[in-house]
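Participant: Take a look at what TrEMBL says about it:
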- 14-154: domain 'MobA-like NTP transferase' (DOMAIN)
- 16, 17, 18, 28, 71, 100: GTP binding site (BINDING)
- 100: Mg(2+) binding site (BINDING)
Ligand SMILES: Nc1nc2c(ncn2[C@@H]2O[C@H](COP(=O)(O)OP(=O)(O)OP(=O)(O)O)[C@@H](O)[C@H]2O)c(=O)[nH]1
């Protein structure tokens, strides 16, 4: 088979951008990194990978360069966001990326996409030094119904869902800083503001 030149071919993307941002005290999507907002910064990574079907999940703000999909069941957390977006995704596999992992480079997502082509389970998530990141993963679009069951009948925890489902890991050896979750003002100061980004 010829090598796939475009890493994002056959893949949709969902940027998770809902929730309360309660630890940050303001919407994390609107924080700045290199003159961009976190939200547009993450969307741009999908474009760089050649993904054309990109949705933003649950964003409460006004300006966004791609379609925003509201949560069908608000308050159900990230799984609720994914459930809504997966129903609209055009491709069978979906790259999921949290808005609060802005330091994860497109190159690392490219590797995840490549590894994801060999996945044996219906989801593959990124891991780093034993820490698993379900908000950076490749998921099958047809998981939407099972996600709905998880949020209707259980607590809707992403990890509980994945444990029930079974999932593959892509264990990354990239530098630790790439995996920073920017959740509170201290994280922002430490990883972005004070680094001159
Ligand atoms: N669509 C959608 N996304 C969510 C929801 N809750 C969290 N997220 C996203 O999931 C990722 C991880 O979110 P968390 O940091 O756990 O939660 P948060 O609400 O953003 O922040 P905290 O209130 O500080 O816990 C982020 O990309 C959020 O934007 C939700 O209810 N709907």
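Even glycines carry a Cβ here, placed using N, Cα and C.
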Participant: Pairwise over 16, 17, 18, 28, 71, 100, annotated as binding GTP, what's the top Cα to Cα distance to the nearest Å?
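Facilitator: Across 16, 17, 18, 28, 71, 100, the widest Cα separation comes out at 18 Å.
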Participant: Counting only residues 6+ away in sequence within the same chain, which have a CB under 8 Å from the CB of residue 28 (GTP binding site)?
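Facilitator: Counting only residues 6 or more apart in sequence, the Cβ neighbours of residue 28 (GTP binding site) under 8 Å are 21, 38, 99, 100, 182, 183.
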Participant: With an 8 Å cut-off on Cβ-Cβ distance and a minimum sequence separation of at least 6, pull the same-chain contacts of residue 18 (GTP binding site), or say none.
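Facilitator: Those within reach of residue 18 (GTP binding site), by Cβ under 8 Å and sequence separation of 6 or more, are 57, 58, 59, 60, 71, 78, 80, 81.
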Participant: Find the average pLDDT over the domain 'MobA-like NTP transferase' (14-154) in the predicted model and report it.
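Facilitator: Within the domain 'MobA-like NTP transferase' (14-154), the model's average pLDDT equals 97.
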Participant: Translate the DSSP assignment of residue 16 (GTP binding site) into the three-state scheme.
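Facilitator: The three-state answer is strand.
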Participant: Taking the Cβ of residue 16 (GTP binding site) as the centre, count every other Cβ atom within 10 Å, in any protein chain shown.
Facilitator: 25
Participant: Using all protein chains in view, find how many other C-beta atoms are within 10 Å of the C-beta of residue 100 (GTP binding site).
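Facilitator: Taking all protein chains shown, residue 100 (GTP binding site) has 23 Cβ neighbours within 10 Å.
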Participant: How many neighbouring Cβ atoms, not counting its own, are there within 10 Å of the Cβ of residue 17 (GTP binding site)?
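Facilitator: The Cβ of residue 17 (GTP binding site) has 29 Cβ neighbours within 10 Å.
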Participant: Please report the three-state DSSP label of residue 100 (GTP binding site).
Facilitator: coil
